[in-house]
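Take a look at the structure set out below.
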Amino acid sequence: MAKHDRGLRFQPAGGSRAPQIPVGKKQRLTIQRLANDGRGIAFVEGRTWFVSGALAGEEVEARVLGSHGKVVEARAERIFNASDLRRPAACAHAGRCGGCSVQHLPHDEQLALKQRMLAEQLSKVAGVEPEAWAAPLSGPEFGYRRRARVAVRWDAKGKQLEVGFRAAGSQDIVAIDDCPVLVQALQPVMNRLPAMLRRLSKPQALGHVELFSGSALAVLLRHMAPLSDSDLTILKDFCDFHQAQLWLHGEGEPQPFDPSQALGYRLETWDLHLAYRPGDFVQVNAGVNEAMVAQALEWLAPQADERVLDLFCGLGNFALPLARQVREVVAVEGVATMVARAAENAASNNLHNTRFFQADLSQPLSAAEWADEGFSAVLLDPPRDGAFEVVRQLATLGAKRLVYVSCNPATLARDTVELIKQGYRLKRAGILDMFPQTAHVEAMALFEAS
């Protein structure tokens, strides 16, 4: 499971007493290279500048966003000599919106940046590189995002409702009604959403809006005050026009306006339908998700008579496809509601060779009832902080093959050190381009017992 992230934040080493640079100050800079998060790096008077929107070799004018010690964070506002790599951003808001940080970089260069980040982490932290590099797993660079959270805030001073996405490094809202990374089905919903919300009777009591595209479209509204009958009519008419489900989140858990409706997505390759609820983790990129599952199963090479373990199983995104191919899948997840949902998904897909367990995967596995029979192979998909306690114990399970899906190359590299200690070798690794137009890196690694 994973884990949406938006870039690294660099902290100074030690307790520097260098005077702080005022926020808003402008500075002319020459960018020396790119950081792993896609920001340009420049050096001025002993300070290191991290500049969003800048490319290596460019001379830019940057506005300071903040500073701490000898580290300055800034945003490029003027480009004096553009890199040959620079391209026009597809979105007019790319410079301010916090959603996309590298739209000015061609997609193949984005992939190269992510590949470099993974390789550097494995080399510097674990001291290894895989026996073979896999080609980047990617899909369309725009129109891929099937889920989005839209920020909504009442501006009391201006007496208007702000609707859009959060600005980079800020709580400000960038007014947006068109987002090129959203799937096409959500574009008209996003276009008309601000005007609809401004018709509601208590705009100051509105929270965020979530948009979903899967087996059906859905719009979820977070509201902090009861909705009037006229509000419900406006919301229902809007959703009916877009053929979308309406979900409301007041007190308690989010609920569909029509209790018979549910959210879900399909894994077409395996003829599977997975149901979920708002708040459950679902990969936002449907195409890359399906390709990721296929690659994980190809690398794991499960045999029909094998017993396979899926750790951090979530809704069953890997466990259910695995169950199509092996004798038994044991799937473990830390969140009890997700365990219940995964078991329901297995039952609704007529899969009876799966067992699901809730467990704290930061604790020893030896006492777990599901760990005593051993496994031929293990798949794990941990959150950003990795799976250090788990990998320390994997050798006791007897698995010969292990596929690790990571949303954080730093913790993958750290855990690789431990897996090598446990007697595994790194056979293959590659990036998963789950979030084009951002510097966020997901990765997959195959380990085999020596």
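Along the chain as shown, the residues are counted starting at 1.
Backbone N, Cα and C define each Cβ position, glycine as well.
Positions annotated as region 'Disordered' by Swiss-Prot: 1-22.
According to Swiss-Prot, the feature domain 'TRAM' maps to 20-78, an assignment based on sequence analysis.
Remark: C100 ([4Fe-4S] cluster binding site) has A89, C91, A94, V181, Q437, T438 as non-local neighbours, by Cβ distance under 8 Å and separation of at least 6 in sequence. Classification of C100 ([4Fe-4S] cluster binding site) by DSSP places it in coil, neither helical nor stranded. Residues or ranges marked as [4Fe-4S] cluster binding site in Swiss-Prot (evidence: sequence analysis): C91, C97, C100, C179.
Taken from Swiss-Prot, the feature active site, nucleophile covers C407.
The Cβ neighbour count for C97 ([4Fe-4S] cluster binding site), using a 10 Å radius over every protein chain in view, is 21.
For the recorded [4Fe-4S] cluster site, residues C91, C97, C100, C179 set the reference point as the centre of their Cβ atoms, and the other residues of that chain within 8 Å of it by Cβ are H93, A94, G99, Q103, F165, I176, P180, V181, Q437. According to DSSP, C179 ([4Fe-4S] cluster binding site) is assigned to coil rather than to any helix or strand. It is C91, among the recorded positions C91, C179, C407, whose Cβ has the fewest other Cβ atoms within 10 Å in the structure shown.
Helix first, then strand, then coil: DSSP counts for the domain 'TRAM' (20-78) stand at 0 helix, 36 strand, 23 coil. For the pair C407 (active site, nucleophile) and C179 ([4Fe-4S] cluster binding site), the C-alpha distance works out to 24 angstrom.
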